[in-house]
Amino acid sequence: MTSTLNRLLDSHDIRASSVPRDMLISGLTESSREVSPGDLFFARAGSSTDGHRFVGEALTRGAAAVVVEEADVHRSLERSVLVGSTSRALGVAAARWHDCPSREMSVVGVTGTDGKTTVTYLLEKIWNAASKASGLIGTTGARWGVQRYPISLTTPPALELQGLLSRMKRDRVDHVALEVSSIGLDQERVAGVAFDAAVFTNLSPEHLDVHGDMETYFRAKAKLFRDFEVPIAVVNVDDPWGRRLVYEGSTSTRWLTYSAKARAATIRVRHLQVEPSRMRATIDTPLGRIVLETSLIGRYNLANCLAALTVAYQESIDLDLVLQAIRDVRVPGRLEPVDLGSTAPTVFVDFAHTPASLAEVIAVLRRQTDESRGRLITVFGCGGDRDPSKRAAAGRIVSAGCDVTIATSDNPRSEDPEKILDDIESGIDARATEFHRAADRRLAIEQAIRLSTPDDIVLVVGKGHETTQQIGSRFLPFDDREVVLESWNALQGVGLVP
Ligand SMILES: CC(=O)N[C@H]1[C@@H](OP(=O)(O)OP(=O)(O)OC[C@H]2O[C@@H](n3ccc(=O)[nH]c3=O)[C@H](O)[C@@H]2O)O[C@H](CO)[C@@H](O)[C@@H]1O[C@H](C)C(=O)N[C@@H](C)C(=O)N[C@H](CCC(=O)O)C(=O)O
Ligand SMILES: Nc1ncnc2c1ncn2[C@@H]1O[C@H](COP(=O)(O)OP(=O)(O)OP(=O)(O)O)[C@@H](O)[C@H]1O
Ligand SMILES: N[C@H](CCC[C@H](N)C(=O)O)C(=O)O
Ligand SMILES: [Mg+2]
């Protein structure tokens, strides 16, 4: 497969070029290490290095040309194109390489700090119920029909993303739910995507190591609504940042809003009834009053359901179908129960890893233990090479809400696990909780199971659906759900020689 430079790059984006515009291109890459002869190499400034340092290597390996955004580098090279933003140019070129697959499908982008994966799962379930051919791309991977692709990031880099969309199009997928992270927006991974609608769930402190402050973080998320000319925006107006998004929003977008607090909104909750394993909500929609019942629990999941319901409403999907679809939803690793039998504690595995989501999930389970007079025992950690300001905050929230707090490792990545634990411990209120610390996550889970009684709830949180633990550069097999089962069995003496 080949293309030409002028087909791949926006002509008004090209500031200078030392190569002919009809030059043939045989592939695209942003990694000098992966250049094949005839490729177009995009030099992108990253967090650990800068692709501009590798333009020489790319040309030596046979790149047809390099795309750069630094005028000095452009002037020093024989075969280069100078553009305003190489990340943006790469996003657009990746889409054009595949004939812009998103234009032929309905793509809904879901952004916000928490709830993106849950909302995309709900949309997938609704579309399937409405006999649409759905596709999903996000934290748990990409999937459509019988296809399953693991991806390393929530929002894949542009080349991977457009490749996935192209395969979906080939397989006749017509509705795609795409998780759009703030870092993905910053790095223009979705620059070539034509969105039909965008959803904003909420905003709370996260990735501040990358964005610096909340205002910059908000602006990164807002790009999805401001830069992409989305025709439809679906926004949670219970969140102050959501209200600001609507207030400052473009008049060419149709703004649909939702509220779980009976606030004025397109879709809003009138009455909520919560049971330990179900929720029922009376909801006002422009089409009349409906009663939503779902296996998802927690007020935050009601907000996630409203987001999906609002998208479905604007797509004119029969609301009865939507209500049926939402009745029994399971999102792997999100308040996922691990069944250990009736003589065991109740155990949940969850993916909360931001201060706000930890507070939400602990509040849900606290209510249950208060009613049953059991204790809430929580095992948690914080990822290495991620916003360190989350650590003390997580320590504070877990210790304030739980009877027993066991701090352990999440994915330490390149960091010293004990240093991460020190940061977490600086936030622990030892008067409010029984506190333990063990860097080995397996030992921490075993301890939680050992300390618990059948009246207690054990929450193992932070890694959810993940099936590996990243220590240094190694990905070791680790699944919280399996480790919980193994710990319980070991405690019961199952599998031990009598
Ligand atoms: C901070 C961040 O987002 N990093 C991602 C980013 O790396 P980077 O921009 O820092 O790139 P870099 O390593 O500095 O290199 C810069 C450029 O030089 C090039 N290069 C580099 C070396 C070389 O020899 N030759 C060469 O050409 C690289 O290919 C790159 O184009 O681009 C890389 C390639 O696309 C990603 O693999 C990498 O993700 C890292 C692994 C990561 O963990 N990212 C996380 C923080 C992330 O993006 N998370 C979000 C948010 C999740 C959520 O909130 O839900 C996500 O969407 O997953
Ligand atoms: N709307 C919400 N508000 C607050 N917390 C939520 C919300 N939805 C889910 N959560 C909590 O956040 C956790 C992660 O949810 P989910 O995976 O849906 O979010 P996400 O935005 O996709 O996260 P990530 O940024 O890691 O991709 C859940 O396990 C739950 O504890
Ligand atoms: N999408 C999030 C996932 C965090 C999951 C948690 N287990 C961790 O490793 O910090 C991130 O990349 O920051
Ligand atoms: Mg996600």
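Placement of Cβ uses the backbone N, Cα and C atoms for every residue, glycine included.
Unlike curated entries, TrEMBL annotations are predicted automatically.
Going through ARG386, ARG431, ARG437, ARG442 against TrEMBL, the one listed in the meso-2,6-diaminopimelate site together with ASP410, ASN411, PRO412, ARG413, GLY462, GLU466 turns out to be ARG386. Using a Cβ-Cβ cut-off under 8 Å and counting only residues 6 or more beyond its ends in the same chain, the motif 'Meso-diaminopimelate recognition motif' (410-413) has close neighbours at 353, 380-386, 420, 441, 462-463, 466, 469-472. Cα-Cα distance from THR117 (ATP binding site) to ASN411 (meso-2,6-diaminopimelate binding site): 19 Å (rounded to the nearest whole number). With a CB cut-off of under 6 A applied against ligand 2, the binding-site residues LYS116, THR118, ARG386, ARG413 are reduced to LYS116, THR118. On the backbone, the CA of PRO412 (meso-2,6-diaminopimelate binding site) and the CA of THR113 (ATP binding site) stand 21 Å apart.
Helix, strand and coil counts under DSSP for the motif 'Meso-diaminopimelate recognition motif' (410-413) come to 0 helix, 1 strand, 3 coil.
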